[in-house]
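Chemist: First the structure, which I've put down as structure tokens, then a few questions once you've had a look.
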Amino acid sequence: MANFPASLLILNGKSADNQPLREAITLLRDEGIQIHVRVTWEKGDAQRYVDEARRLGVETVIAGGGDGTINEVSTALIQIRDGVAPALGLLPLGTANDFATSAGIPEALDKALKLAIAGNAMEIDMAMVNDKTCFINMATGGFGTRITTETPEKLKAALGGVSYLIHGLMRMDTLTPDRCEIRGENFHWQGDALVIGIGNGRQAGGGQQLCPTALINDGLLQLRIFTGEELLPALFSTLTQSDDNPNIIDGASAWFDIHAPHEITFNLDGEPLSGQEFHIEVLPGALRCRLPPDCPLLR
């Protein structure tokens, strides 16, 4: 792999003392691969490190962390307007790793690193909310959002993605739907939603397949709404198929407009955004990402 160009790894501070990662990087450096490592400490670090990556001339910026880290790095990359932006590499080190998991990124650190450095760079979509905030994986609203934002950090650290399910079951007594209206291309729905998923990717909340048919290079966002009493399918990986369940509503569009009579909260790759009006649109081919050749999220 010695002929591959340099990469810069932006590592979430929580993983700074990851000894297996240190060993994997050392082995690759011994093979002649140049890998710069930068550790995030506060919001805005990812943007600064992407700027540094441009100055260094690296061809890949690797996001080492969970969905939030991937979001920060990818958002910084798509803001590059002059010249060709570095490709995005994925190194899943977070609690849930929903985007990387659904994209087929290897769990083994050495294999994930090699893919992030040497894999084929494919153009993929991102999404933007209210012309400001971006997400690469999914926007979720309703009860599921409250669970993912309220799950204690110690529980997530101990149990990983399963912690969301356990905390959700503990909070079943607080279950209330969000009334809203959603419009898209050839789509209109109004009612009470327990869970809303608008996906560029397929899963959120620690492995829940909220948008099981979503693709990251089709120029569309997938929508899934859970209504009525159908919370459990959202928590248990959608046990019932949407084609025979009237309480699961699906849609696809390049954009969605959401209006609510009261404030609701969406979780964008782990970051909450509250309001009553949301305009969500896809950004086709917004960045290049190094993915496995059999990535299930590609058409």
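Positions of Cβ are set from backbone N, Cα and C atoms, glycine also.
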Chemist: Report the candidate from T40, T60 that shares the ATP site with G66, D67, G68, T69, I70, N71, E72, T95, as recorded in Swiss-Prot.
Modeler: T40
Chemist: May I ask you to find which of D110, D125, D294 Swiss-Prot records for the Ca(2+) 1 site already listed with N200, L215, D218, L220?
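Modeler: Candidate listed by Swiss-Prot for the same site: D125.
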Chemist: May I ask which of the recorded positions D125, N200, N245, I248, E271 is closest to N71 (ATP binding site) if we compare their C-alpha atoms?
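Modeler: Nearest candidate: E271.
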Chemist: Please give me the CB contact count at 10 A for D218 (Ca(2+) 1 binding site), counting all chains in the structure.
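Modeler: Taking all protein chains shown, D218 (Ca(2+) 1 binding site) has 19 Cβ neighbours within 10 Å.
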Chemist: Specify all same-chain residues, apart from the site residues T40, G66, D67, G68, T69, I70, N71, E72, T95, whose Cβ lies within 8 angstroms of the center of the Cβ atoms of the ATP site, ordered by sequence.
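Modeler: Apart from the listed residues, the neighbours are N12, A63, G65, V73, G94, D269, G270.
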Chemist: Determine, from DSSP, whether N200 (Ca(2+) 1 binding site) sits in helix, strand or coil.
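Modeler: Reduced to three states, the DSSP call for N200 (Ca(2+) 1 binding site) is coil.
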Chemist: Quick one: what's DSSP say for D67 (ATP binding site), helix, strand or coil?
Modeler: helix
Chemist: Whose Cβ lies within 8 Å of the mean position of the Cβ atoms of D125, N200, L215, D218, L220, the Ca(2+) 1 site, other than those residues?
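Modeler: Near the Ca(2+) 1 site, beyond D125, N200, L215, D218, L220, sit A214, I216, N217, G219, L221, Q222, V282, P284.
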